[in-house]
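Q: The S-adenosyl-L-methionine binding site annotation in Swiss-Prot covers G60, W62, D80, D96, D121. The annotation active site, proton acceptor is assigned in Swiss-Prot to K161.
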Amino acid sequence: MNRTKSSKRWLQEHFDDVYVKKAQAEGYRSRAVYKLKEIDDKESLIKPGMTVVDLGASPGGWTQYASEKMKGSGRLVALDILPMDALPNVEFILGDFREDNVLQELINLIPQRTLDLLLSDMAPNMSGSSAIDIPRAMYLVELAFDFAEKMLKPGGNMLVKIFHGSGFDELVKQARASFEKVVIRKPSASRSRSKETYLLAKGYNL
């Protein structure tokens with residue numbers, strides 16, 4: 001019964017959500033696009049000619065926005081464990097980023113030290129228990145960070161979803177040791193009750 005009430009409440013919030021309505025009106029696949037757009041408007045992360053990887057891409061809001069900003073030049077690779085409808089000038093990998101063969105498929109597409117920007121909106125399936133969800137989420141951040149350290153070119157940038165909890169401070173410290181600028185962003189489109197924030201790391205140092 002509680003789950004039914006919770007589901008109804010979530011659906012009501014979803015359909016009343018200004019960002020959901022905005023995404024529908026502007027032809028975007030998800031409200032999440034406005035999280036990336038707000039940060040990109042301030043930081044100018046995405047430009048034509050770049051090589052960009054988008055992890056946790058489905059249904060494709062971030063990828064769609066990046067594709068528009070890149071204007072058909074450069075290379076944009078999206079990856080997700082869930083299917084995603086095709087987008088112009090986007091290469092899509094269907095698979096679990098945690099699996100070695102999927103990671104290798106991605107590495108094969110992007111020559112080492114040529115990546116300009118890593119985007120990651122990856123999140124685990126949430127159980128509702130912070131003791132379970134936060135470590136799972138942090139593991140995904142760690143995997144994304146490891147990939148960035150192997151693939152980013154000098155001066156490259158990274159934007160990853162990160163949840164407040166155990167391991168948060170350590171990951172921020174690690175990022176500050178490898179990048180010139182590290183900040184935490186909470187975009188307006190992130191729901192206030194959510195523990196999600198975004199770690200922006202700019203200027204990768206080899």
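Residue 1 is the first one shown; counting continues down the chain.
Quick reminder: no glycine exception, Cβ is built from N, Cα and C everywhere.
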Q: Of all the Cα pairs drawn from G60, W62, D80, D96, D121, the residues the record ties to S-adenosyl-L-methionine, which distance is largest, in Å?
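A: That value is 18 Å for the farthest Cα pair.
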Q: Could you state the whole-number distance in Å separating the C-alpha atoms of D80 (S-adenosyl-L-methionine binding site) and the residue listed as 'active site, proton acceptor'?
A: 15
Q: Do any residues at least six apart in sequence from K161 (active site, proton acceptor), in the same chain, have a Cβ closer than 8 Å to its Cβ, and if so which, in order?
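A: Listed in sequence order: G56, S120, D121, M122, A123, A137, V141, E196, T197, Y198.
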Q: Once the DSSP letters are reduced so that anything not helix or strand counts as coil, what is G60 (S-adenosyl-L-methionine binding site)?
A: coil
Q: Within the chain of D96 (S-adenosyl-L-methionine binding site), which residues six or more apart in sequence place their C-beta under 8 angstroms from its C-beta?
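A: Non-local contacts for D96 (S-adenosyl-L-methionine binding site): I81, V102.
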